[in-house]
Structures are given as C-alpha cells and as structure tokens.
C-alpha cells in the first residue's frame, strides 16, 4: 500500500512516475493493462506508464483465434470471483459498444450424459449468467424437440445466455483503446524478467504458456493443451451448442467456430491435420446433421496454457545491478483465458497499484510448489 499511503499524505504528487512493463499481447496482457488503467481511474490515482512487450505478431498467437464463450470450467471461489469481474466488464462493453468491441450476446445449450458435470456448471456460473435453466423433456426428446434424442438416453442439457468475446475482434479493440491512452507496444523477445527490471518498477508476466519459463520458477507446473478450431460459414447458427465440452459450435459476429480437441501434454503436430478435421466434423455432424453442408473457412491449432490454477502472485526481485523491482504474475488460465482474464487482471492490477486486497482474502489458493523443470515441449513451442 506504499503508493496509496504516500499519495494520501502528500508524499507523492502523482503515481505517473510508476513504470509498468507487461509481457504478453494476448488477452491476459491486454486485459491486465486495461484493468490497471480502469482501476487507477476508479480510485482517482494517476495512471502509471505502461509498455507492453510481445515477441510474436498478433496473427500467430492463441488469443487471435479464440471464440471466447463465457463459461467457467472450475467452480473454485477465486475462479468465480474472476468470472464475475470479467462478466461485469463484458456487460459494460456490450452496453456501450456492442459488437464493435468484439463482444456478442448469445444463448445456447450444453448437453451431457453426466448429471454431475451439468450440476457443476450451475455451481460455477449458473447464478451469474442470464436465463440459466435445465432443458425440459420436450426440448430434448421427440419430433418437435431441438435435438430429437432417443428417449432411452441419459443425455440431459442446460440453457443459458452470456457473452462471447472473439479474440479476432476483442483483442484489437482493447489494444486500440490502450493506445489512445498512451500505452506503448514493442515486438521484442524477453529472455527473463530481470531484463526489464532495470528499466521498470513493475514487470507483469502475462506470457501465457511460457509464463512459467519466463518466471524461472514455474515451468514444470505448466503444460500445453493442444486444441483445434475450425471456422465455418453457417450464418443461420445463432445458438452455441456443446456436447460434453469438447464437441462444440460457438457463433460469433459473422461466422461460427466448430471444435475441438483437448490433448493435454501434446506439443504437436503444429498444424491442423486431416485426422483433426475428420474427428471434429464427424463428432459434430452426429450432433447437428445440418453441419455436413457447411463450408470451412479456416482452421487453427493452438496450445492452451495448462496449469492447476491461475497464478496471480507478487514477487520482489533484484537485477544484476542490485535494483529491486516488483514482479506480478498473471498466467496459467488453461482454456478459460477469455472468461477469467479480466477478473484475474483486476486482481493483478490491485497488486501493481499497491492497493488493498481485501476482496481476495480467503479466496486465493496456496501457491503451487516451485517447479523450474524445463519440459521437452518448451523447445518445440518456444518460437
């Protein structure tokens, strides 16, 4: 709370001298910079200088290719807090900008043979999204139903309304807003956090899958989760549809995403294969036969930053020149980056601005044990 106290008692005339580097131009890095500026404005604190570093062009990063449907995988208390704060931000953007922000209001259905899995959805976010309910039998079974499922099946379903925040539009929107507020962007590979510590007071690590490697103490707690999405031309598809969380379509503003695979620990192949296409399309067409007639526009393979829990932590480090600086980690969102991203960014922003963390007391889990082991996947995916 040093900055806040000094500001209160007149020891610092502004906080604009605080220099913040953010590593990562994906949804987490952009959201963190946005949250820092949002929180500074809300608390009437002069905004710090922010500089975002990224080593890949936007077209090649995971966030560029994500549909971004709001859905919380884990029902942990901290994830529900992050989800709530993200949902509030998405609702604000939808009201003010609509689709210009990349945010879209959409309804849809999730089907599963597991009642436990469906019940966990209600626990995780049922009270947060709009219109959450169980699907009735007439919606599931019979010739006038949505799905015409056989009556002897154990399949059940839920319906809800929420937001998508498609990376193709949402991330450029955030970047444009940040640039109008003076945030700088530089394409440059950062080898270690100390490299930036000499120049900045705070370094935010939002490096996604490579966040653990960059941290220097967490590489072994990260794992890639290979995923594939196919972008298709199906303008009549207005509702998202999931079957057991891996067979999906998500409509966004002007096209539909179909997927997916979730291959934990896989670090190849780095291209979409014919086997990927066959696997995804055959599963989805069995769910919704009309999709055998859609046209594929593009496809993408990416690696979700798998971790047992999101890492939002503060460290005090020292450069080789003995200059102390603050590190704030914000990575490890697995497949929930667009759902938890702004919420975890608000948490990180509180740390960056040295503000009280009362809202997070009792919610944040114990940190994972230090594990700096560099796994084989790093040399294949660190390009």
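Yeah, the Cβs are placed from backbone N, Cα and C, and that goes for glycine too.
According to DSSP, residue 339 (FAD binding site) is assigned to a helical segment. Of all Cβ atoms in the protein chains displayed, 26 besides its own lie within 10 Å of the Cβ of residue 339 (FAD binding site). What Swiss-Prot lists as FAD binding site is 56, 63, 339, and the listing cites similarity to another entry.
Annotated N-linked glycosylation site per Swiss-Prot: 152 (among others), in sequence order. In the three-state DSSP scheme, residue 152 (N-linked glycosylation site) falls into the coil class. Within 10 Å of the Cβ of residue 152 (N-linked glycosylation site) there are 6 other Cβ atoms, across all protein chains.
Among the features that Swiss-Prot reports, N-linked glycosylation site is placed at 271 (among others), with the record citing experimental evidence. Here residue 271 (N-linked glycosylation site) comes close to 301: these same-chain residues lie at least six apart in sequence, with C-beta atoms under 8 angstroms from its C-beta. Secondary structure from DSSP puts residue 271 (N-linked glycosylation site) in coil.
Cβ neighbour count for residue 320 (N-linked glycosylation site): 9 (other Cβ atoms within 10 Å of its Cβ, all protein chains included). According to DSSP, residue 320 (N-linked glycosylation site) is assigned to coil rather than to any helix or strand. The N-linked glycosylation site annotation in Swiss-Prot covers 320 (among others) and rests on sequence analysis.
With a 10 A radius on its CB, residue 371 (N-linked glycosylation site) counts 13 other CB atoms from all the protein chains. Residue 371 (N-linked glycosylation site) falls outside any helix or strand according to DSSP and counts as coil. Residues or ranges marked as N-linked glycosylation site in Swiss-Prot (evidence: sequence analysis): 371 (among others).
Residues or ranges marked as signal peptide in Swiss-Prot (evidence: sequence analysis): 1-17.
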Whole-number Å value for how far residue 63 (FAD binding site) lies from residue 320 (N-linked glycosylation site) (Cα to Cα): 34
Span of 56, 63, 339 around FAD - largest C-alpha separation, Å: 23
Assigned element (helix, strand, coil) containing residue 63 (FAD binding site), judged by DSSP: helix
